[in-house]
């Protein structure tokens with residue numbers, strides 16, 4: 001198994017975990033019937049038919065459009081035909097294109113294609129887009145756009161709540177599935193049950209190898225793409241991942257580059273060994289996270305905030321990161337506890353910015369929980385998440401080294417404006 005280089009420990013990093021190489025992989029085997037039931041349970045249990053947008057042949061077979069698409073990388077699926085059809089169908093006149101910084105290099109090519117084949121004007125939105133929570137339909141509408149195409153993230157914000165028409169393009173990426181399967185077969189014993197997940201770009205590959213490995217005659221593995229609704233099966237976000245039954249899985253495997261999203265699953269499931277397969281470098285590494293340090297740092301922040309009298313309640317204004325219902329719920333609870341609350345709106349939250357609020361004793365941010373988890377140490381005053389604020393107020397379960405919830409955008413999560421409880425979590 002290829003391993004990542006040993007990471008030199010430094011005081012206070014962005015993340016509290018470290019990546020290490022391991023020579024051995026512990027495996028957990030289950031009976032054939034049990035494992036197949038796990039795989040079957042990962043499949044959709046609904047028989048409802050999905051509405052299919054039939055793209056007209058005149059678009060699918062347009063030779064000029066086909067030639068234009070060749071200007072884009074062939075292993076990146078920008079779904080140009082589907083985009084052209086939707087823009088035409090809605091008769092959109094000004095279309096906003098929003099994508100993460102890594103894809104902006106292709107934005108002008110896509111813009112030219114859409115303007116030529118849709119008879120519309122396009123606006124490339126250059127502000128940072130960290131995830132689907134950053135979809136900025138408000139700014140797009142202010143710019144006079146009547147349609148927005150959001151690239152590389154899943155449908156976290158439903159299409160029926162945005163202020164203008166929206167199309168999500170996942171930008172799925174083709175990878176070497178054979179190499180991924182052989183890597184898993186080499187590192188895990190036959191019959192091992194694995195939870196495999198990744199970002200939305202690699203979701204098709206995960207589902208593809210699941211079936212192939214299940215029916216492999218030489219080295220069968222049981223692959224389960226876990227799901228925490230409303231995310232897709234096998235999808236994970238940096239703030240939202242499923243709590244997995246540790247007795248059912250020998251390990252969890254993340255398919256993707258970087259650690260940010262994987263860290264969510266490691267925080268949520270500290271007792272399950274974690275591995276990462278990078279489809280670009282084709283390296284397979286053992287990953288770890290310092291749960292003790294996480295608990296130590298976040299517990300300290302809560303204790304410091306507990307005696308604070310004046311709280312700055314921050315609504316994240318980067319796209320749709322913030323949730324007004326959650327802000328209102330937290331304000332009500334803080335005031336009921338005798339705290340003074342100052343409302344603040346920020347698109348991005350930086351230590352230097354919050355340091356200017358001298359009269360505020362502690363902050364609560366309704367934007368991204370990873371801001372507090374990853375960067376909380378860098379702020380001169382406590383910066384709590386909605387969950388940690390409820391813990392401080394005695395209205396949610398205290399975390400420990402075995403459990404810290406990462407369910408922010410779950411259907412009943414704080415990111416949805418709900419007030420979840422974690423009392424019954426095992």
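Quick reminder: no glycine exception, Cβ is built from N, Cα and C everywhere.
Features as listed in Swiss-Prot:
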type    : residues      : note
BINDING : 133, 239, 368 : [4Fe-4S] cluster binding site
Long-range Cβ list for residue 368 ([4Fe-4S] cluster binding site), cut-off under 8 Å, min separation 6+ in sequence, same chain only, gives 130, 133, 238, 239, 316, 321, 408
Show, in sequence order, which residues other than 133, 239, 368 on the same chain lie with their Cβ within 8 Å of the centre of the Cβ atoms of the [4Fe-4S] cluster site. 130, 131, 237, 238, 240, 321, 367, 369, 370, 408, 409, 415
What kind of secondary structure is residue 133 ([4Fe-4S] cluster binding site) part of, going by DSSP in three states? helix
